[in-house]
């Protein structure tokens with residue numbers, strides 16, 4: 001082991017561990033509360049047709065109910081609005097309980113004017129995120145469920161013609177996949193709400209069925225956007241707390257024709273303002289309440305079904321999930337208002353104004369003239385805390401209505417924040433108005449405050465350049481806010497990349513003033529709905545983890561902003577500095593799943609170096625030394641960078657397509673905004689370190705197991721070279737092939753791996769035993785001790801070597817074989833690891849069927865079984881004189897390049913490329 005390599009790879013591994021720690025542990029504690037219920041949940045199974053039950057014996061459809069509602073609906077005389085819940089990966093149909101219970105309580109609160117019937121599908125908790133072979137089957141079953149659900153409403157006055165769908169995780173993707181079915185009518189679905197659904201790409205592209213399913217669904221929605229424009233889509237992500245599905249994957253693929261789609265992060269959802277993990281997004285009370293309110297507002301009061309107007313539906317969704325004006329949606333049409341008699345106005349001519357009520361107040365109207373303010377100021381900003389009225393700010397044009405009897409309700413421009421309602425009105429937009437009117441209702445025993453000011457946006461905007469990524473947090477940018485304003489806007493310059501991450505500290509100092517109101521911050525990303533909103537504390541500075549879920553679009557010049565709704569009695573200071581650990585976390589969050597690609601690429605380079613050393617030196621190099629020699633990023637990355645660059649030219653693209661080569665994965669990642677120039681370099685180095693230390697760890701495991709093997713069964717014969725193909729090889733190949741064909745391909749590969757491991761253990765134990773035995777005999781001979789004990793030991797040892805006394809050359813040849821077998825074993829291990837998702841799925845369904853169908857690894861497993869069985873009996877001496885050895889050694893570099901080029905988004909291709917690499921070795925054994 002080279003000490004420098006060990007130290008370097010250790011440091012790299014520590015950096016990777018820091019990134020992993022940031023992803024899995026460095027997020028805010030959950031601010032979600034549990035939903036609660038008053039009655040025990042009941043799930044009434046809906047009887048499906050015999051044909052459907054026969055085709056999908058593992059799937060079921062249920063209707064949710066509680067108490068008297070469940071009893072009333074036992075005969076399935078339904079009168080509500082149908083909503084279908086689709087669970088996701090390993091999800092239970094009982095996850096519908098939280099939303100269904102809240103919806104039932106809300107229906108009771110409004111006197112059951114209308115209500116929802118919540119249906120839920122039992123997918124048998126299938127692991128569809130790991131195995132894509134059952135996604136089409138689930139999609140077809142959901143289609144049958146929708147037809148069955150709608151048939152239950154035939155006797156209604158206004159029977160529903162469509163179903164609203166709530167899909168969690170992969171259930172949301174299944175909902176979108178319904179439209180790809182040949183005989184599916186798009187009118188059967190009007191609203192789809194997905195929760196933590198990876199829409200753009202699979203989290204793990206473990207098999208071809210999964211990637212093909214994604215390609216089919218996304219292409220259909222892009223190419224048929226006009227046809228699907230009446231479908232209202234909402235995708236809700238969990239934020240940084242959801243480390244299983246990062247939020248960037250949940251953003252819906254956009255199209256200029258499909259405008260009825262919206263993607264938000266739960267931390268930006270009004271009233272929720274909390275990040276959720278992958279499971280809590282289903283039961284988070286704050287988010288469930290918002291979802292329930294939105295669905296109730298989607299109902300048309302005349303038909304008591306979901307509104308058929310897609311624009312109205314989208315306005316409802318945006319009202320609840322983007323910007324909540326603290327007003328009921330049902331009064332949206334009331335833009336204008338009027339007074340029957342002239343109210344008593346109080347004229348306010350100051351640029352700053354505060355009104356505080358501690359106990360009681362009379363109804364008041366405050367009039368703010370605009371004419372003399374338009375020159376010096378650009379905006380009128382107001383904040384109120386605990387003022388419980390929906391309409392509180394109006395506009396008046398005294399030219400049209402001299403006594404301001406006709407007014408415009410401007411409260412729709414209000415934004416609801418955690419402890420306040422704020423409004424920021426641009427004076428140029430309201431050039432037709434002469435006055436703003438502030439309405440204070442009569443109160444008794446209420447305590448609230450209202451603060452308003454005219455401000456200049458330019459004077460209140462602070463431009464702060466972010467610190468460089470490589471500053472490692474040693475430098476920072478400061479923005480002291482020493483004036484007594486209500487609103488400040490801090491614009492972060494050059495903050496647009498996904499690999500950027502910063503700590504933003506906000507210090508608030510109110511001195512001795514203990515009665516100051518709260519200050520609120522909003523970290524706003526203008527090109528996606530991923531805002532972070534919170535309240536400042538007087539005791540400790542607030543730290544905001546400023547990073548992006550989505551990269552800035554190419555033609556978007558807007559800047560990331562921090563809005564600070566301040567208390568005028570307090571001083572504030574904003575400091576921003578680079579967070580190195582969060583940068584590593586962003587790299588791992590966006591690209592960590594691609595690590596197996598770079599690990600295998602490094603192993604193939606090291607494997608090629610070993611074959612080359614056999615060709616040149618006649619002996620096999622140690623695997624850890626071969627990493628030092630061959631695992632260099634400049635051998636792989638430049639080729640990919642050049643290809644990616646040339647693909648921008650039409651002539652090269654035509655040549656590429658003429659060779660029928662698949663799309664370069666880096667090009668696709670760049671198109672999604674998930675790639676940056678040094679990503680491949682970083683992960684190649686990470687892959688080298690993992691491959692290096694995993695090889696050392698595997699060697700240590702082999703040593704420990706071999707010691708146990710020697711203790712249990714001491715080898716008595718020195719292993720001799722044998723033919724690559726024997727009757728035993730035929731028998732084992734047929735046995736493992738039968739298992740692969742009748743059960744699961746990865747299961748057979750796991751058995752082959754264990755068989756190969758036993759082969760390596762036997763070889764290592766034999767070499768270790770004979771090396772130690774020879775050393776012991778030499779020591780006894782040189783010392784010339786004639787004690788009885790020594791003589792007896794020597795006789796015993798000599799008897800063990802009676803049949804064959806190995807020479808140093810034979811032991812050296814065995815050592816070379818072990819080095820080569822160990823590398824092949826390591827590659828075999830990664831073949832098994834990459835196939836584990838389908839193996840886990842097969843284990844879960846083993847009680848229903850013994851055969852995995854379809855099996856993504858069956859054919860490749862059959863090929864690999866034959867290859868590995870031959871390689872088990874191969875030796876380095878057998879390939880030294882091979883005419884194909886040089887070709888096999890040279891081709892490992894192109895193979896490693898191909899692994900990175902085409903395996904990043906298609907992990908299942910890696911096993912096939914490893915199989916081809918090992919096949920070249922097999923050829924060397926015979927040619």
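Keep in mind that glycine also has a Cβ here, set from the backbone N, Cα and C atoms.
Over in Swiss-Prot, the protein carries these features:
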type     : residues : note
ACT_SITE : 169      : active site
CARBOHYD : 75       : N-linked glycosylation site
CARBOHYD : 155      : N-linked glycosylation site
CARBOHYD : 230      : N-linked glycosylation site
CARBOHYD : 362      : N-linked glycosylation site
CARBOHYD : 397      : N-linked glycosylation site
CARBOHYD : 432      : N-linked glycosylation site
CARBOHYD : 444      : N-linked glycosylation site
CARBOHYD : 482      : N-linked glycosylation site
TOPO_DOM : 1-4      : topological domain 'Cytoplasmic'
TOPO_DOM : 26-595   : topological domain 'Lumenal'
TOPO_DOM : 617-672  : topological domain 'Cytoplasmic'
TOPO_DOM : 694-733  : topological domain 'Lumenal'
TOPO_DOM : 755-821  : topological domain 'Cytoplasmic'
TOPO_DOM : 843-858  : topological domain 'Lumenal'
TOPO_DOM : 880-887  : topological domain 'Cytoplasmic'
TOPO_DOM : 909-927  : topological domain 'Lumenal'
TRANSMEM : 5-25     : transmembrane segment
TRANSMEM : 596-616  : transmembrane segment
TRANSMEM : 673-693  : transmembrane segment
TRANSMEM : 734-754  : transmembrane segment
TRANSMEM : 822-842  : transmembrane segment
TRANSMEM : 859-879  : transmembrane segment
TRANSMEM : 888-908  : transmembrane segment
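Under 8 Å, Cβ to Cβ, and six or more positions away along its own chain, residue 444 (N-linked glycosylation site) finds 359, 360.
Contact check: the transmembrane segment (859-879) against the transmembrane segment (673-693) gives fewer than three Cβ pairs closer than 8 Å, residues 6 or more apart, which falls short of the contact criterion.
Its Cβ taken as reference, residue 482 (N-linked glycosylation site) is surrounded by 8 other Cβ atoms within 10 Å in the chains shown. Below 8 angstroms of C-beta separation, residues 5, 8-10, 12-13, 16, 248, 497-499, 550-551, 553, 587, 590-591, 594-595, 597-599, 601-603, 606, 624, 627, 631, 633, 636-637, 640, 666, 900 of the same chain, each at least six residues beyond the ends of the transmembrane segment (673-693), sit close to that stretch. Residue 75 (N-linked glycosylation site) falls outside any helix or strand according to DSSP and counts as coil.
For the pair residue 75 (N-linked glycosylation site) and residue 432 (N-linked glycosylation site), the Cα-Cα distance reads 60 Å. Secondary structure of the topological domain 'Lumenal' (843-858), assigned with DSSP and counted as helix (H, G, I), strand (E, B) and coil, comes to 3 helix, 0 strand, 13 coil.
Cβ neighbour count for residue 230 (N-linked glycosylation site): 18 (other Cβ atoms within 10 Å of its Cβ, all protein chains included). Closest by Cα distance to residue 155 (N-linked glycosylation site), from the recorded positions 169, 230, 397, 432, is 230. Checking each of the recorded positions 169, 362, 432 against residue 397 (N-linked glycosylation site) by C-alpha distance, the shortest gap belongs to 432. Put simply, of the glycosylation sites 230, 432, 482, the one whose Cα is nearest the Cα of residue 362 (N-linked glycosylation site) is 432. Checking each of the recorded positions 169, 432, 482 against residue 230 (N-linked glycosylation site) by C-alpha distance, the shortest gap belongs to 169.
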